[in-house]
Each structure stands twice: as C-alpha cells, then as structure tokens.
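Taken straight from Swiss-Prot:
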| type | residues | note |
| --- | --- | --- |
| REGION | 1-132 | region 'Disordered' |
| COMPBIAS | 11-37 | compositional bias 'Low complexity' |
| COMPBIAS | 97-107 | compositional bias 'Basic and acidic residues' |
| COMPBIAS | 121-130 | compositional bias 'Acidic residues' |
| BINDING | GLY332, PRO333, LYS334, ALA335, SER336, GLY337, LYS338, SER339 | ATP binding site |
| REGION | 603-626 | region 'Disordered' |
| COMPBIAS | 614-626 | compositional bias 'Acidic residues' |
Amino acid sequence: MMKRKADRQTAAAAPVSAFAARKARLQQTQTQVQTVVASEKTTHTDVAAEPPSKRPRRSLQESQAQSTSEEDTKRTSKRSAAKTEKVQRVDSGTITRTRETRMKDSEIEVEDLEKERSSNEESEGEDAVEENAAGVVAVPAAEDGYESPADNTMTVVFPLSKIRLNKNNIVYSDEDTLCVRIQEKLSIVLIGQYDLWVKRGVVSVMGAKLHPSPRVYRVYAPSTHSLPVIKCVTGVNGAAEVEFKSCHSGITRLRDLSPLYQRLWNSGNTPADKLSLKAVGQDARRTFSVLHTSADDPLKRHLRPLHLEKQWSAAIKVLSQRAGRLQVLICGPKASGKSTFGRYLLNHLLSPAPQPELNYTNTDGVAFLDLDPGQPEFLPMGQVYLAHLRSPVFGPPFTHPSLNNEREGTIIRAHHIGATSPKEDPDHYVLAAANLMEQYRTLLATYPQCPLIINYPGWIFGLGLEVATYLIQSLGLSDVVYMSEKGPTEVVEPLSQAASLARVSLTILPSQPTEFVSRSSAQLRSMQMQSYFHMAQPAGVSHPTWLENPVSKNRPFRVRYAGENRGVHGVMTLDSQIIPDLLCESLEGALVGVVAIESPNALPIPSSNAPPANEEEATSNADDDVDMENETEHNRNATISHLTTLTISTKESLPYITSGPGTSTPLHPSSSSMLGLALIRSINPDTQTLDLVTPIPSTRLIQSLERGHALVLVRGVLDNPNWAVAEEYYAARAEERRVRRGIRGRKEAGVGEQGDESVEQRLLGLLKERIRRAKDVPFMTVVEDHGRRKQEEAAQRALWKLRKKAGIESEDEVGY
C-alpha cells in the first residue's frame with residue numbers, strides 16, 4: 001500500500017504497524033475534537049453552553065492553503081477513507097474532517113457557496129453572496145486595515161432562544177407583527193431590526209428593564225455584534241407578552257453601497273418564522289427573524305447571544321443605586337468590554353422601575369461623556385463629546401451615528417480631536433475633557449438628578465495612564481471601573497493610588513472580549529462614518545432613516561471661502577503643518593471638522609500681534625457701551641479680525657490659519673465647539689468656493705451664525721473616506737444584479753414581447769459602462785483574485801482595493 005507524502009515525512013516517529021498507526025492517530029485527535037463531538041451521540045448538532053475563545057482571522061493565503069488541503073483529502077481513495085476517519089488540523093486552529101465524517105455531521109460543516117446561494121431567498125442574502133461570499137474578501141498586504149476574516153470551516157452551534165415558538169406561546173402574528181408569550185426566566189433572540197412593545201410583564205433588554213407602557217422601542221440586532229436577549233423578568237400569571245413589529249428604516253439599503261453592510265440582517269425565513277407565518281404565506285418576509293439556535297440562520301453566520309457576567313450585573317446594580325450622585329469613569333485595555341458595560345449601565349439607568357407611590361420617575365436622563373475618539377458611541381470617529389440621553393439605546397454605534405432627537409437624546413457639546421487616538425495631542429485632549437466636564441456641571445443646574453457615565457479609551461498605558469490618573473483626581477468622580485482582573489500591576493496600582501487620593505471607589509471587573517469578530521475596528525469606524533453621512537432624521541419623525549444614494553450623487557453645499565460674504569473664515573490642520581502650496585490638494589476629498597469659533601479667545605494669538613495696553617482699554621470701554629442687540633455682531637467682527645492676523649493666503653486664496661512657521665495650535669475648547677463633519681468634494685479657485693457634503697442640520701448652522709460664531713474647517717489625521725469613493729461602483733454593481741434578476745424572472749415566467757431582448761442588452765451595456773467609469777476613479781484599483789478556491793466556487797470576481805493618496809515620503813502606495 002502506497003503511503004501518503006505526509007506519512008512518509010513522519011515515518012520515523014510513527015508506530016510500526018498500520019493498525020497501531022491508526023490507533024495512535026485516533027487517540028491523538030480524540031482530545032482535539034472532544035468538545036466538538038461530545039453531543040453527537042444524541043443530536044446532530046454541537047451545542048456549546050458558553051462562547052469559545054476568540055479565534056484568529058485567516059488571511060487570503062491561508063484560505064487558499066486550506067482549500068488545497070481539502071482537495072488533497074478528497075483525492076484519497078475510498079478504501080483508506082472507509083478505514084480511517086482522519087482529522088487534519090489547519091494552522092488557524094479549525095478542524096477539517098474527511099468526506100465521510102462531514103456527511104454524518106452536516107450541522108457543523110461549511111456550506112458550499114452555490115448551496116448557500118440557493119438557500120437565500122431574500123435579496124440581501126442573494127446580493128451579498130453574489131458580491132462576496134465572505135462579506136469582504138481580504139486583499140493581501142492591505143495597509144489601511146480594511147480586511148475581514150474568511151469563512152471558518154467549522155461552525156459551532158450555540159443556543160440562542162430558550163423558548164420554542166408554538167401555538168401556545170404565539171399570541172397573534174401576521175406578515176409584519178409577531179406577539180409572543182415569554183415565561184419567566186426564559187428568553188427569546190431575534191436578528192434584524194424591529195420595534196419592541198412590552199404589553200404585559202417586565203422584560204430585560206441589554207441592561208434595560210422595560211415595563212408595560214404604550215412606548216415602542218426600536219431595536220437593531222445585526223450579525224456584527226452579539227444579539228440582544230429579550231428575557232422575562234416578571235410576568236402576569238408567570239409570563240410576559242411582547243410584540244415585535246417590522247420596521248423599515250432604510251439602513252439595509254447601505255448593503256448596495258458597501259460590502260461591509262452585507263450579510264448583517266435576517267435573510268430568508270427561519271423554522272420559527274415559517275411556523276408563525278403559516279397562516280399568512282411562506283412568501284411573507286419580516287425585517288426580523290426568530291432564532292432558536294445559530295444553526296437556524298440561513299447564512300450560517302457566527303451568531304452569539306449577548307451574555308452579561310454576574311460580576312457585571314452586581315456592579316451595575318450597585319452603581320445604579322447612586323442615582324443622580326453617580327459620576328463613573330469606565331477604563332480598561334482594548335477589547336475588554338468597556339463599551340458594552342457602559343451601554344448596559346446607560347440603559348439600566350434610563351429604565352428604572354416607576355414609583356407611583358412616591359410620584360417619582362426619572363425625567364432627568366443620563367449624561368454620557370465619551371472620551372474615546374477611536375470608537376465613539378454617538379458620533380463618528382475623531383471627536384469627544386457630552387451627550388444627554390433620555391431613552392435606552394438598543395443597537396451598535398453605526399445604528400445611531402448622531403443624536404438629533406430631543407426625545408431620544410442630544411449632543412450638548414463636542415470637540416474635534418482630529419485623530420482616532422488622543423496620543424496625537426494629549427494636552428488638547430485634557431483641555432477638551434475638562435471643558436466637557438464643565439458643561440456637565442452646567443447641565444446639573446437644569447437636571448439635578450442626571451448621573452454621568454465617562455467612557456475612557458483603551459489608551460491605558462504610558463502617557464495614557466498619566467492622563468487617566470489626572471482625570472480621576474481632577475474631575476470629581478464618584479466611582480472608577482477598571483475592566484480587567486489580569487492587571488497589569490503597573491496600571492492597576494497607579495489607578496488605585498489616584499482613586500484613593502481623590503476618595504473615589506475603584507471597582508475591578510473581569511473583561512469580556514467580543515467573540516468571533518466579523519468586522520475589524522477600522523471597518524466598524526468606516527461603517528459608522530458611512531452611516532453618519534447617509535442618515536437623516538426630519539423634524540417630527542421619531543426614528544432616523546437612511547438614504548441609499550451615493551454621496552457623490554448628493555447636491556453639495558457651495559460655500560465661499562473668500563470675499564465679504566464668505567461662509568468659511570479659515571482652514572487649519574492638526575498634528576502637522578502642510579505646505580501652503582499643497583493645502584488645496586490635501587483638502588479635496590478629505591474629511592474635515594466644522595468648528596464654530598465662539599470668541600477670539602479660542603485663537604492662538606502670537607505675542608507680536610498682541611494689541612497695546614491702551615488699545616485693550618479702549619476696546620474694553622467700547623464693549624461696555626455696546627448695546628445687547630449689537631453684541632453678537634461685535635463679537636463676530638472681533639473674531640474675524642483676530643483670524644485675519646493668523647491667516648495666510650495660498651495661491652487659491654484659501655485662508656490658511658497658522659500660529660507661526662511650522663506650528664499648528666488647535667482651537668481652545670472653552671471658546672470653540674464642533675458642529676459636525678463634512679466631506680470636501682471639490683475646491684474651485686476661480687469662484688473661490690468649496691463644495692461640501694455634510695449631514696449637519698441646516699438649523700444648527702443657522703443658529704451658530706446667528707450667535708455670531710465664525711466657522712472654520714479643521715483637517716486632522718482621520719481615516720481616508722475610501723467608502724465614499726467606492727459607493728458609486730457598488731451601487732452600479734447592485735443595479736446590474738437587480739436588472740439581471742428581473743430579466744431572468746421574466747424569462748422563467750415567459751413574460752415579454754418581441755424586441756425586449758435588444759432593449760435589455762442595451763440596458764445591460766449601459767450598466768456595464770457605468771461600472772467601468774466608477775471603477776476607473778482615481779486611487780481605486782480592481783484586484784483580480786485568481787485563487788484556486790475562488791475559481792472553483794464561481795467565475796472570477798472583481799475585488800476592489802483603495803489606495804491612499806501618497807504624500808511626501810509616504811509609503812502608502814508601495815507594493816500595489
């Protein structure tokens with residue numbers, strides 16, 4: 001009998017006989033797959049009680065190596081496959097079985113691409129698979145961080161809902177609505193987006209305890225994050241009644257603009273959906289699906305329930321008892337669960353049990369001070385802010401990229417950091433944090449029972465630790481929570497000493513990292529930024545909506561940057577100074593912060609430009625004589641006058657704000673504030689105008705101008721808006737797929753007239769030309785994947801990759 005190549009290579013260490021070799025291999029692999037096959041004797045699926053450890057991501061080369069390994073396994077003879085059930089271990093830690101074992105354990109094998117494509121009946125799943133089977137295929141050597149893991153070869157099934165839908169617990173259902181009865185201590189899990197209404201009993205959702213009321217809560221449950229668990233806490237006659245209703249916010253439309261938004265929501269009906277839709281029809285679709293286990297998902301994604309550590313629950317209970325006196329700072333290493341804990345605590349504080357006997361309900365809301373510019377909760381990256389929340393939040397950050405609703409919450413004040421990490425300018429970061437804390441104290445005058453939650457970034461080592469200890473000692477906190485029991489000691493000891501000096505309680509909790517991350521931090525930032533520019537919330541509408549048009553198709557604001565009636569009074573850069581001759585090129589296509597200068601004190605005044613003492617006294621006396629009606633105009637003129645002394649004019653007449661040669665001093669937070677972000681589409685030197693795309697409400701801009709504020713644009717070092725460049729390409733691809741589906745459907749139905757085929761071919765030709773033009777934009781390259789696995793799965797697909805615009809001494813384009 002011929003030996004395999006792998007057997008020949010390890011012959012020296014192998015047993016003597018073939019029987020002994022087979023027995024040794026089986027004993028060696030038995031412990032490796034013990035957790036996977038423990039329950040195969042009784043069930044066809046492997047159900048795990050707790051989430052496994054975080055798995056490493058595989059690159060494209062590893063995926064190709066795995067596919068080659070699978071092909072070698074398939075070529076083994078039937079005789080050897082029948083004698084042995086060999087388990088071959090791949091580098092990424094996943095387990096690949098031979099053909100016989102995979103046929104017996106169909107629940108944990110990888111679905112074939114064509115089989116998965118045929119199982120998806122909804123357009124989202126179909127479009128996602130046609131575009132990219134893995135969500136976003138990783139391009140080798142990507143430097144911008146936009147890579148995502150390939151599909152795992154093994155999917156471990158997890159229990160999600162603790163109830164199974166049947167005729168006894170389904171109160172009523174139709175094509176849009178499902179009302180279920182949940183017994184106490186049991187729970188249900190859904191994927192998608194829906195409106196939740198508690199009719200009877202009390203249920204808990206992401207830390208919030210929702211009591212019966214006419215209020216409806218919007219819940220977003222995508223596959224990128226652990227799914228919310230709706231659990232019955234107390235009920236009427238031992239059960240609670242909850243109604244779930246489909247909602248059409250438009251956020252699913254973003255799948256046509258970016259592959260990052262594909263395979264996020266429900267796709268096709270699950271077994272529980274088919275049961276509840278039996279009376280309506282199997283063709284009906286809701287915007288949510290009920291899942292009993294992760295195996296019910298038609299797309300076979302890594303779905304996990306959102307569990308809460310017992311120590312977390314105890315800490316939240318203790319902190320919430322402080323009510324309005326609570327001022328807590330949450331810190332810890334990266335990926336330790338700070339955002340999840342803060343969201344749970346926020347929702348718990350916003351949903352206390354009503355006390356009618358005391359005639360008291362929480363109407364003061366909760367203040368949320370977000371000091372993490374890399375992964376903020378309610379604004380895009382690069383900002384720190386103070387938000388005032390009135391309602392619990394059920395969804396990841398890209399489902400609420402801004403707050404413009406008085407009922408749900410508003411942004412009190414924000415400052416532009418211009419980077420994803422505060423280490424770029426820690427002094428400016430500390431000043432911004434102190435100013436936001438002053439705004440919170442001002443808020444207490446109106447809402448005296450408003451607690452405060454401070455979210456500190458994962459910058460907890462080195463200089464970041466010094467900043468954290470300074471904030472603990474200076475902000476007047478009541479509690480500090482550190483999210484790691486593993487230390488390290490060099491971090492815990494300084495935090496403990498700072499808390500002791502400030503007489504602040506320090507609580508150390510275990511970290512709870514996210515399992516099976518399907519999007520990287522850079523991808524989540526890109527998704528939140530894209531959602532920010534596409535979200536709209538008209539006046540009088542309780543929930544936001546998302547628009548599907550690419551930002552390049554939106555009509556921009558045309559603003560003058562020179563002349564008497566200019567809308568922008570200056571442009572400044574952070575972190576590093578840009579040569580004036582290159583300022584125009586660096587601004588086109590860049591993300592900038594729209595900052596309002598409230599007084600001249602925000603500007604750095606060089607000593608050479610300081611006015612003489614007698615002039616200051618005359619100005620002071622003149623200020624006393626100014627009427628209140630003219631005070632706003634006087635303040636505006638003074639600010640513009642100081643801006644003039646700091647600006648230099650470029651060859652395009654752009655007002656470039658500098659505080660000296662080679663220096664770039666940010667605006668002082670006490671006299672400036674951030675209004676929002678804008679995307680500069682183009683600069684026209686002939687008309688001296690800027691074309692800006694921004695979601696900032698026009699009412700907010702008008703209000704700032706009426707107060708006499710001067711608007712400036714601040715360019716930082718944020719991630720390049722590659723998503724904006726690629727939106728037209730993906731929109732064209734999505735339109736082509738829709739047209740092809742329509743043509744295929746008409747042919748199958750036998751509907752059509754003579755001459756329709758020529759019209760269809762002309763239409764497809766126009767769409768192909770649109771795709772070609774969108775693909776040929778600057779800094780965008782289509783990379784063809786000629787991997788063996790991709791050739792077998794489908795025809796060669798075009799994968800795009802964006803290249804950053806390289807500046808002087810830049811290596812961003814090296815290797816492409």
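Quick reminder: no glycine exception, Cβ is built from N, Cα and C everywhere.
Recorded features from Swiss-Prot, shown on the structure.
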residue : record           : Cβ within 10 Å
GLY332  : ATP binding site : 22
PRO333  : ATP binding site : 20
LYS334  : ATP binding site : 14
ALA335  : ATP binding site : 16
SER336  : ATP binding site : 23
GLY337  : ATP binding site : 23
LYS338  : ATP binding site : 27
SER339  : ATP binding site : 20
Taking the mean position of the Cβ atoms of GLY332, PRO333, LYS334, ALA335, SER336, GLY337, LYS338, SER339 as the ATP site, which residues outside that list, in the same chain, have a Cβ no more than 8 Å away, listed in sequence order? GLY458, MET483, SER484, SER511, PRO513
Could you tell me which three-state DSSP class SER339 (ATP binding site) falls into? helix
